[in-house]
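Record features (TrEMBL):
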type     : residues : note
COMPBIAS : 152-163  : compositional bias 'Polar residues'
COMPBIAS : 183-205  : compositional bias 'Polar residues'
COMPBIAS : 225-241  : compositional bias 'Polar residues'
DOMAIN   : 360-502  : domain 'YDG'
DOMAIN   : 577-638  : domain 'Pre-SET'
DOMAIN   : 641-781  : domain 'SET'
DOMAIN   : 797-813  : domain 'Post-SET'
REGION   : 119-269  : region 'Disordered'
């Protein structure tokens, strides 16, 4: 723009407001006059000169503008016709004299732009700029100049003007109404370029909410003309696949999901849906992976039985968490919170139960259930808060509506009193140590629950003995608030206190944990004990024999052993190949032969948890050079759990634990004598044989969730083996495990002292988290001959099943 050019006013008859793209997105071309910026839209097109209202030259030419720079606007003479409209003044953030008139006021015909910092008849107020009214003009205008094709653009913040009352409102600037973009009046002497404001820059009829910028609607034309410069800097464009609700308002929180057919990133996990293939896409940002959309309707995950659905969701979550941990160990990268990552994937794929909040019991969740992570409780609908302890909802009581608490977690963070298993004194939330707690959110919901008298689910916590910093959460049942008060906390500030009493008639929850804790510390405190240690020191921890049912003094006599006695000596059996690891086997070591035999991964985590079930598991053996502390030596070390053999009501003797058992934990090995099928004489109820048909158990993770190829069920189901073990005359605690059609334990063949795959060790692992004093059961299976002919085609005779589970088959063996 040369200094000889003069600005030309636009006649009112053909006046148009041309909306401009925000100048922060335009690319500057240098050199430009000091205090000015020159922009261009295309090659060989006209330029745009912007007056910069900031910096040392913000005061205008009359204050500090060099003389070499020509004035931008020429002040027109007073109109001769009194009816002619007066030109509108433009204030360019200059200093105002005592009368309030700015010194750097230019004149633009027929266009008025108010700039923050000046009001014609009032003093400039300190603080944030004032908001503009919805009827305000958009924040930038293009003014056609003299012949030559240039356009003068003046950038004005939208927060420049005050409201009708002259008061400045606090907060972020208010959005202006959408102003139609009109084309520039055709004139042969003006070559104007129109820049269209992105759809996300204006709001149709509502005010802008605080937070991130508004998303644009599907199908909105958000592609802006590329701004070319000699530097070829890219211009960011708003993706068109992000949608808004129908009312045009963006809701706070996580982005709203879209149905199949749109590609939109979901929260946290990078999961989306491909509009071409209709498949789920998951993985790292920028590198999506596809998974089968049919995974959302797994028949084995959701069932008519709410308990089965909850168990399946928790099993899939923990399997996914274990696999993520296994993968990260191979990468040897920074430690991640695998539970949150697994929970995010499950949430994004809608693999969860009880999505709606409710007061009272949660279908499928039973008193005494245990959880190792808060996200597990979110997945089953017990408590939807992953961090906060108070979960609440708005509920109707007659014609009134109140926010009431529905679930609380006592995690030991606040000053709670939990000595009594039936009474909990719960402290409100917001204990920052800097101020009193406020009667809002969860605290308000607890106060309203006191008046409404609704039931509240209570989750208590205990320390995880296997992890120094870990916790175990126990669902303790339904409580009601009886009292509430305010008292001074340890920090000296006021806190809310609530006394909750447990509803009568419920099974024991935390009370069981308190009892077993005392027994572990002092086994003699256990009552109804017949024998303090039925193993006579063979196990690492004593095994109590207890009868609380009748006067029977114990099971029939047998010799206790922890070994598997083969018919042939181990020296005559095939040897296993050993690894050459120096100290211990490490994840991702391609030179470890034991890793290769286990499908390329070590089967256990660093804490000894089984990651995945497999047809055959190979532990390190005597031929390996690794030490006894290698993580791939679990079963051969024996059980590490406090067991109790107890008398059941109708199924003889059973087995349970004083310890909480985590999913994937090794429980025990089936010890006894390896026998031949033809050598069985008489009835033997202590036979183990691999069933020809076992109930389908999908315990491993779903590889589709991680973008891995799907695996067949045979990848985790052991094959039928010729080995038969009898524990009638000699055996261990495994002989007391009863059958169940809904078991909490599965068997896994393991090799570690020989290489004959037909006669492995039979190890038992936990299917799911097992609370203390819960009977341990596994599925004995059912031979096809027993089902079809009613005869004994196997070594175990068919018997009526007394497991009383919802999936009971009626018989086993």
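Placement of Cβ uses the backbone N, Cα and C atoms for every residue, glycine included.
Note that TrEMBL annotation is computational and uncurated.
It should be emphasised that the depicted structure is a prediction, and the values quoted were computed from it without experimental measurement.
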Query raised in the report: With the domain 'YDG' (360-502) as the reference, which stretch in 577-638, 641-781, 797-813 has the largest tally of C-beta pairs below 8 Å?
Result: 641-781
Report task. Tell me, roughly as an integer, the mean pLDDT over the domain 'SET' (641-781). Result -> 90
Query raised in the report: Reported in the order helix, strand, coil, what are the DSSP residue counts of the domain 'YDG' (360-502)?
Result: 19 helix, 61 strand, 63 coil
Query raised in the report: When the domain 'Pre-SET' (577-638) is classified with DSSP, how many of its residues are helical, how many are strand and how many are coil?
Result: 8 helix, 4 strand, 50 coil
Requested in this report: Helix, strand, coil: count each for the residues of the domain 'Post-SET' (797-813), based on DSSP.
Outcome: 0 helix, 4 strand, 13 coil
Query raised in the report: Using DSSP, what's the helix, strand and coil tally for the domain 'SET' (641-781)?
Result: 14 helix, 45 strand, 82 coil
